[in-house]
Amino acid sequence: MSHYRQRFLQLALDSNALCFGEFTLKSGRISPYFFNAGHFNSGAKTAALAQCYADAIDAANMNFDLVFGPAYKGIPLATALACEYARRERDLLLTFNRKEVKNHGEGGTLIGAPLNGRKILIIDDVITAGTAIREALRIIRNAGGTPTGIAVALNRQEIASETNRQSSVQALMAETGIPVVAIATLSDLLAFVEENASLAKFYEPLLAYKTHYGTEASD
């Protein structure tokens with residue numbers, strides 16, 4: 001497993017962004033783990049998370065000159081990622097949207113650099129149904145930008161339903177043709193748990209969950 005994947009999973013565990021147990025998901029499934037990026041809630045944690053994002057994005061050789069953060073969770077992620085790239089001496093443009101239209105001041109729904117003519121990376125924490133990402137794609141294209149990649153923290157690699165064996169990530173890539181990179185996947189989480197003696201008791205429930213709900217192809 002790549003070092004940045006291990007760093008991310010350990011950071012998530014230490015930050016309580018990654019928890020093990022029994023969790024009822026919005027889908028009604030009982031999951032043996034839960035991921036909540038809201039627990040990266042300090043400057044140090046967010047900076048460390050941004051390093052992991054940048055490492056994953058660089059490993060995927062994504063081509064972009066602007067980072068777009070969908071409201072709301074994508075906003076601090078995009079800002080932190082742009083700061084991390086500045087630290088690496090690459091100055092990227094930054095834009096995010098607001099969900100409510102502002103009718104005074106600068107107005108509109110976009111804050112930051114103009115999107116027109118830009119190659120744009122969208123960043124978010126996870127892709128569940130893909131609604132926020134699809135809205136971001138619509139906003140970007142309407143503003144004259146070109147979405148060239150999507151980055152998320154964790155890819156759950158989970159089928160949509162028993163009759164639809166694609167994950168939300170696979171469905172989004174098939175629909176849009178835009179590559180999605182994740183810092184880590186459920187497969188990485190399984191390997192991480194297997195290699196950590198203190199987490200050994202969670203391996204079998206995770207494996208059973210992946211066997212039942214996991215996608216057949218890697219994504």
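Glycine residues also receive a Cβ, built from the backbone N, Cα and C atoms like all the rest.
Per Swiss-Prot, the feature 5-phospho-alpha-D-ribose 1-diphosphate binding site maps to LYS26, 72-73, 98-99, LYS102, HIS104, 124-132. The orotate binding site feature in Swiss-Prot is assigned to PHE34, PHE35, THR128, ARG156; the stated evidence is sequence analysis.
The record assigns PHE34, PHE35, THR128, ARG156 to the orotate binding site, and the maximum Cα to Cα distance across that set is 13 Å. With the fewest other Cβ atoms inside 10 Å of its Cβ, the least crowded of the binding-site residues ILE127, ALA129 in this structure is ALA129. Under 8 Å, Cβ to Cβ, and six or more positions away along its own chain, PHE34 (orotate binding site) finds LEU18, CYS19, GLY21, PHE23. On a Cα basis, LYS99 (5-phospho-alpha-D-ribose 1-diphosphate binding site) lies 19 Å away from THR128 (orotate binding site). Sequence-distant neighbours of ARG156 (orotate binding site) (same chain, 6+ apart, CB under 8 A from its CB) are PHE35, VAL126, SER167, THR185, LEU186.
Each of the binding-site residues THR128, THR131 was scored by the number of other CB atoms within 10 Å of its CB, and the largest score is that of THR128.
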